[in-house]
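Features of the protein shown, as given by Swiss-Prot:
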type	residues	note
TRANSMEM	18-38	transmembrane segment
TRANSMEM	63-83	transmembrane segment
TRANSMEM	99-119	transmembrane segment
TRANSMEM	129-149	transmembrane segment
TRANSMEM	158-178	transmembrane segment
TRANSMEM	182-202	transmembrane segment
TRANSMEM	210-230	transmembrane segment
TRANSMEM	258-278	transmembrane segment
TRANSMEM	296-316	transmembrane segment
TRANSMEM	329-349	transmembrane segment
TRANSMEM	365-385	transmembrane segment
Amino acid sequence: MFYTAATALRDFLKQESAGGIVLMFAAVLALIFANTALADTYFSVLATEIAVTVGGGGIEKPALLWINDGLMAVFFFLVGLEVKREVLTGQLSSWKQASLPLIAAFGGIVLPALVFYGINSGTPENLSGWAIPAATDIAFALGILALLGKRVPVALKALLLAIAVIDDIAAIAIIAIFYTPGVELAMLGAAAITLLILSAFGRAKAGSSIPYIVLGIVLWYFVLKSGVHATLAGVALAMTVPLIDRKGNHMLEHMEHALHSWVAFLVVPIFALANAGVSFEGVELSALFAPLPLGIALGLIVGKQVGIFGFAWLAVKTGFAQLPSSVGWLQVWGLSLVAGIGFTMSLFIGNLAFADPAQINAVKIGVLSGSLIAALVGIAILVLGAKAPAAKSADERVQAPA
């Protein structure tokens, strides 16, 4: 089936918005499990060892790590497909289209990290979590915009989407560079050879998805064993998928479209269910003001807000970018707060940054409180800044910010 860039964007917004609502439900369910009589069962299930053996080798991991290392590789594969499409044919394919989201996203990555560092500079053991508040959960953020309906112009959703894609690129780079403790060269070499074979299929524009599935699993195994985080195999695999196969079918967009529902309604909610369960037993309000959770929360609330809005304002005022005609500054301010919903990616990076259960619990408190406050304040500002946009054609409605 033929999918235009506009159709792909509309499908993406629809799926991720609906998925955001499911994600909210999964997060609430995790909190209920972790703070009721079901807590022991909940944490016991996540700690259950699961072994998969093939031939003479195999992998044995707790259920939680199968979700974080295995299932989330599918999520990162979809992220990789979206990034490749946006760079080749979408909102990041030219400077005119990409300038505003690029500059805004840069501010939204740097400022939260600086806020976190400033608050945790006196506690060196926390500094490895500097990237936690730099992330944006696109499913949650678009879910919030979806709840506001027509009060939010499509151009604002497109701007948020572009910022989130750039944010994902940065998160992938951060994970690869800063959260890879050691590398097993033999396994990394095997992964590289597998990736070269996949690239050959991509260059030949092979139209079957079977080689990508089979070799993708092999690539994931080698990357896992190499010491590099296994989810990055998903991103690498996505880079080998051709935009158009030899028969002229839009293979990348077709694959992206086929995966959306699975990721939005299964993969990410399962991740949330497994990772958002923080026990509040014995936790006092003062725990929120400890450096680690406070740095994360303020990074998401203040850092994202000042970074995205401030850099976007400077870019427009200095002539480096242009604000879409249907979007006002009050709406950009609301967007900058909604982008402070870190959730999925923030929790994911938190699990990479820390091994101590107490620190991971503090990360969850910071991410949940910061994301909740950012969402509520962002919604209030977007409601205040709501205006009825003029009717536009389908192409104009999905056109990226210029």
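Numbers here mean position along the shown chain, with the first residue as 1.
Every residue gets a Cβ built from N, Cα and C, even glycine.
Touching of the transmembrane segment (129-149) and the transmembrane segment (329-349) is concluded from the presence of at least three CB pairs under 8 A, sequence neighbours closer than 6 excluded. Using the rule of three or more Cβ pairs under 8 Å, pairs at least 6 apart in sequence, the transmembrane segment (158-178) is in contact with the transmembrane segment (329-349). Counting Cβ pairs closer than 8 Å and at least 6 residues apart in sequence, the transmembrane segment (296-316) and the transmembrane segment (99-119) reach three or more and so form a contact.
Long-range contacts of the transmembrane segment (63-83) within the same chain, counting only residues at least 6 positions beyond its ends with a Cβ under 8 Å from a Cβ of the stretch, are 12, 45-48, 50, 165, 168-169, 172, 216, 220, 224, 229-239, 241, 252, 255-256, 259-260, 262-263, 267-268, 270-271, 274-275, 348, 351.
Of the candidate ranges 18-38, 210-230, 258-278, 329-349, 329-349 has the most C-beta pairs within less than 8 angstroms of the transmembrane segment (99-119). Counting same-chain residues at least six beyond the ends of the transmembrane segment (258-278), those with a Cβ under 8 angstroms from any Cβ of the stretch are 11-12, 15-16, 18-19, 22-23, 25-27, 29-31, 33-34, 42-43, 46, 63-64, 67-68, 71-72, 74-75, 77-78, 81, 139, 343-344, 347-348, 351, 361, 364-365, 368. Long-range contacts of the transmembrane segment (18-38) within its own chain (CB-CB distance under 8 A, at least 6 residues past either end) are made by residues 137, 139-144, 146-147, 263-265, 268-270, 272-281, 343-344, 368.
If you look at the transmembrane segment (329-349), the same-chain residues 6 or more away from its ends with a CB under 8 A from one of its CBs are 23, 27, 68, 72, 104, 108, 112, 129, 131-133, 135-137, 139-141, 144-145, 152-153, 156, 159-160, 163-164, 167-168, 171, 174-175, 179, 231, 268, 271-272, 275-276, 296, 300-301, 303-309, 312-313, 323, 363-364, 367-368, 370-371, 374-375, 377-382, 384-386.
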